[in-house]
Amino acid sequence: MNVSKRFVKQTFRNIKVFFATIIFLTVLPWILILFLPIYTWRYILGKLNSTFHPKEGNILSTKSAVFAADDMYCKPKCPLLVLFLIEGKMSLSKLREKVQEDMINKRKVSGDFTYPELQQCISKWMGFYFWRWDKQFEIKNHVKNYEGSLRNQVCEEDSLPILVNDLTNQPFKKGHSPWEIVLLSNVNIKPTREFYFVEGPEENKPRNQSVIIFRLHHSLADGISIQHLLMDVAGYAQPDKRVTGNRNRNISLINALTFPFRAPFETIGALLDCNDVNQWHLPESKLTGEFRSAASVPVSVDFIKEIKNSQDGVTFAGVVLAAVAGGIRNFMIERGIKIPTMIHCLTPLPMPGHSDKLRNHLTAAAIGLPLGEPTATNRLKAVSKHLKKLKVSAVPQMNYLFYPIVGGLFPFMAKHLFKHTFTTALLSSFEGPRESMQFLDYVVDDIIFAGGLLMGNIGMGMTLLSYNGSFRIVFGVDSAILPKNEDAQEIVKLIYEELFILRNLNNV
């Protein structure tokens, strides 16, 4: 009976998606024709800018323009943060000197600046955003001491979420490039190598550490660009992470031929499926923009691989996502919250051909967390099935094509069209350096990644960045959803415990 019901439900869903796709393909050409004067005007402005302002910066790419529509000078929703925990006390003067030398003044063989946008601000001209040189650029405007709530106390393990919260909602300064590096010197946090899953000596003595926080707005660059910039400054040789497609040529040919219809069909179906309705998916007007955050202790990459290798057809990402689903489900059970069958996470994905420049060259897709599955085994299987489906899906490519359509419009139009209103959560993950490294001549003990929740009504986010054989799960949630920091800490604890449950599956 259940199989019959699922078949009827799936058939009805596919019929709705089919007719919606027909309507979309009929209306889309007329929409593009309607917007054609705006796209043409933008193209003309780009050419005029090169003629009348040859020494100034270029027009923002369409992918960067969608993020620039954010209210970055008042209450930004698209900041990105990378925290370096380093051994030693770095002085502000030395930090400024190193950043000026290794980032700002870095040049190509041609003599041009490698990262000119670091000295350029975003300015509107004739209705669109352009890069313009900051005539009063000074390194002191961008590299500074931390002045938040922790400035007069020692920053320890449980202070990391406070540090992230302090910096996430801070507005960027108009007339300056949207980035800054913040230094906090009074730090005492156990390095990743000293945690349970990571081999190394146990030490309980006070540590001589600093935290360097690189904070920027998403309009400047995406996560891959930031990673390249910081690893370039550190002199770290990165592995080739270009995205590859299906290597079966026959399948690729079929996908290419069917793409014009298959892509909108799958994308409309995905939008229908990920339109979350649950107690944690609130209207934007009810969100406060204030976050309750927590960070896990470092988890060993080898520990996750051990779980992955013990199960057939399971990926690294599948293990982590199954643990996240289990942790959130268990928290809801504890608090008497109605458990939805599924909640979805909007997940940024890299695209092939990413430039070494500071750019946004990404797409996104929704990943489901099967909270309705009652056992860890079922959740792991459901997540793995979803990830396999996503691997051959046309949705990421379709979403990639959506960026120029929206980003080529006037900013006030892009701001409304780019709002994310379907998924409950945002999930960003990156593979970082696989071994220990130095940054600005200091040994790095840990690297942590965090960020805002983008424009729209996403009220919950998770970030992961691996470093030196381990990673932390950073969890943040709007205070309208969970009012206490202890709530976020409890979810992280339950996710962590779920990893042990997954490890023990093969031992049962």
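Using the three backbone atoms N, Cα and C, a Cβ is placed for every residue, glycine included.
According to TrEMBL, the transmembrane segment annotation covers 15-41 (among others).
Taken from TrEMBL, the feature transmembrane segment covers 313-332 (among others).
The domain 'O-acyltransferase WSD1 C-terminal' annotation in TrEMBL covers 360-495.
Among the features that TrEMBL reports, transmembrane segment is placed at 400-418 (among others).
Residues or ranges marked as transmembrane segment in TrEMBL: 447-467 (among others). Note on the transmembrane segment (447-467): residues 69-70, 76-85, 160, 164, 168-169, 192, 218, 223, 280-284, 287, 293, 295, 301, 320, 324, 345-346, 415, 418-421, 423-434, 473-478, 480-481 of its chain, located 6 or more positions outside it, place their CB under 8 angstroms from a CB of the stretch.
Distant neighbours of the transmembrane segment (313-332): 304-305, 307, 338-339, 343, 367, 369-371, 373, 376, 379-380, 383-384, 387-388, 427, 429, 462, 464, 473, 487, 490-499, 501-502; these residues of the same chain sit at least 6 beyond its ends, with a Cβ under 8 Å from one of its Cβ atoms. Residues 32, 35, 38-39, 42, 61-66, 68-70, 124, 127-129, 351, 362-363, 455 of the same chain sit 6 or more residues outside the transmembrane segment (400-418) yet have a Cβ under 8 Å from a Cβ within it.
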